[in-house]
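> Structure in structure tokens, see below.
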Amino acid sequence: MKVVKFGGSSLADAAQIEKVQNIIQEDEQRRVVIVSAPGKRNSEDDKVTDLLIALGSSIQAGETDRDIYKKIISRFRVMTEELGLPLSVAEKVKDTIDEAVEMVKDDSSHALDALKACGEDGSARIVSAYLQECGLQASYVNPKEAGIVVRDQPGGALVLEESFDQLYSLRSRNEILVIPGFFGFTPEGELVTFSRGGSDITGSIVAAGLKADLYENFTDVDSVFCVNPMDVDQPKELTSLTYREMRELSYAGFSVFHDEALIPAFKEKIPVCIKNTNNPSAPGTMIVSDLPERESHVVGIASDKGFLNLYVSKYFMNREIGFGRRLLQILEDEGVSFEHAPSGIDDMSVVIREHHLPPEKEEVVVNRIKTELQVDTVMIEREMALIMIVGEGMNQTIGIASRAAAAFREAEVNIEMINQGSSEVSMMFGVKSSGLGKAVKSLYRTFFE
Ligand SMILES: Nc1ncnc2c1ncn2[C@@H]1O[C@H](COP(=O)(O)OP(=O)(O)O)[C@@H](O)[C@H]1O
Ligand SMILES: N[C@@H](CC(=O)OP(=O)(O)O)C(=O)O
């Protein structure tokens, strides 16, 4: 049995949904289908999830944006009309959105998550109705009915173990099940969404729960490339990767697959295949547990902007037991999560995503570090970027760091920070954001050309 997930680009309009139907129909193993909200139809278009979030914010600000509301309703209505579905399908989608809008107006808890989830819910209703229209036996299955139980963390749900056994019972249903991605329900019955891009996570949870033979993740590229195709023209395609490599690469910027989505599949050793809805005969990229030794140890270069470096120095920091803990405790108290924390004899850097430390929090954090830790220096450097080179076996291979350093030199980009060793499969470099593009291109030439 295969679990198949279709991303927003695969559900952007009626023509895309026809492709989805063909893909499902051509392989009877594709029995459970996870869908995202409709994505962009072209580069200027909006993702339905972004529209729903904007609508929710406008309601909370006391001025419901009717134009956005109409845009959302019309996206679903046009799709159902073009697919020749009964009016009742579009009406059901509209009713669900209206209910969530009322929840936001009443300021009820979890209302924003309920509204955000309407995109996926609408897609699942439309896709299941269309499969039926095409003569297939198919049903819409709500995540509550499917048994996806999550921890109560709005916008950042985490699956609870009990989900997996409940999901297994879906195996006995002899029809195609269409489940909306991106959300689950708390044990108390509240709807909670995963983080953005979280339909990939639903797909992996369902594949693990059902003990599927394969989790196919359909998107809009033929494969995972060794570098983001936005950064390098026509980069090399990757035919296979390990879970660990893909998780590192996703975490560091490969937006093609959510980094949290690897975990459930990995635990059950379910292979994941990234495929293209617009070219389904292309083999795609397989993500598996182990791979035979490869010629080149570097398989991918991922990068992301939007980081800051919180730099702290104090003489004899190395002699002060508990310094690191107290520094990180201040961040924890202020609700700031961090990404990396390399340290030296008298210095420590903490790399943080910029949006986790907005200017108002920055002042509080910096003052607390000065007064409570009595440091010599505390500095914040914004507009940092991280580059991660990834590959199994890389850390036992002599010369990779020196080749990478040469690539930075050729690009005339200064390395502000290096972190190697914490992960066995990656090496991290911190640079100023302005040098990111040049550095990635140079690393690509060094390791892949
Ligand atoms: N290394 C990479 N390989 C392939 N695609 C990548 C990579 N890094 C970023 N992407 C981007 O990920 C996009 C697909 O992810 P996403 O937009 O979330 O798709 P979907 O709508 O299917 O969920 C691609 O169009 C591509 O621009
Ligand atoms: N629609 C949600 C969840 C998701 O997974 O979307 P996509 O598959 O289009 O990345 C989002 O935009 O975050």
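Even glycines carry a Cβ here, placed using N, Cα and C.
Here TrEMBL flags K5, F6, G7, G8, T219, D220 as ATP binding site. What TrEMBL lists as substrate binding site is T49, E120. Look at TrEMBL and you will find 389-449 tagged as domain 'ACT'.
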> For the domain 'ACT' (389-449), how many residues does DSSP put in helix, in strand and in coil?
30 helix, 13 strand, 18 coil
> Long-range same-chain neighbours of G7 (ATP binding site), Cβ under 8 Å, sequence gap at least 6?
S36, G39, S199, D200, N217, F218, T219, D220, T277
> Around ligand 1, within a Cβ distance of under 6 Å, which of the binding-site residues K5, F6, T49, T219 show up?
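Close enough to ligand 1 are T219.
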> I need the CA-to-CA distance for K5 (ATP binding site) versus T49 (substrate binding site), whole Å please.
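Per the Cα atoms, K5 (ATP binding site) and T49 (substrate binding site) stand 17 Å apart.
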> How big is the Cα-to-Cα gap, in Å, between E120 (substrate binding site) and G8 (ATP binding site)?
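Counting only the Cα atoms, the answer is 9 Å.
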> Excluding K5, F6, G7, G8, T219, D220, which residues of the same chain place their Cβ within 8 Å of the centroid of the Cβ atoms of the recorded ATP site?
S9, S10, L11, S36, G39, S199, N217, F218, T277
> Is any of K5, G7, G8, T49, T219 (binding-site residues) within Cβ reach of ligand 2, i.e. under 6 A, and which?
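So the answer is G7, G8, T49.
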> For the domain 'ACT' (389-449), would you mind checking the mean pLDDT of the predicted model?
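Taking every residue of the domain 'ACT' (389-449) together, the mean pLDDT is 92.
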> Can you grab the distance from G8 (ATP binding site) over to T49 (substrate binding site)? Cα atoms, rounded to a whole Å.
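Roughly 9 Å, rounded to the nearest whole number.
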> Suppose we draw a 10 Å sphere around the Cβ of G8 (ATP binding site). How many other Cβ atoms does it contain, all chains included?
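Summing over all protein chains shown, G8 (ATP binding site) has 25 other Cβ atoms within 10 Å.
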> Using the alpha carbons only, what distance in Å do you get between T49 (substrate binding site) and F6 (ATP binding site) once rounded?
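Spelling it out, the Cα of T49 (substrate binding site) and the Cα of F6 (ATP binding site) are 15 Å apart.
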> I'd like to know which of the binding-site residues E120, D220 has the most other Cβ atoms within 10 Å of its Cβ.
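Most Cβ neighbours within 10 Å: E120.
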> Would you give the longest CA-CA distance, in whole angstrom, between residues of K5, F6, G7, G8, T219, D220, the set recorded as binding ATP?
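Among the residues the record ties to ATP, max Cα distance equals 12 Å.
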> Once the chains shown are all counted, how many other Cβ atoms turn up within 10 Å of the Cβ of K5 (ATP binding site)?
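Its Cβ has 28 other Cβ atoms within 10 Å.
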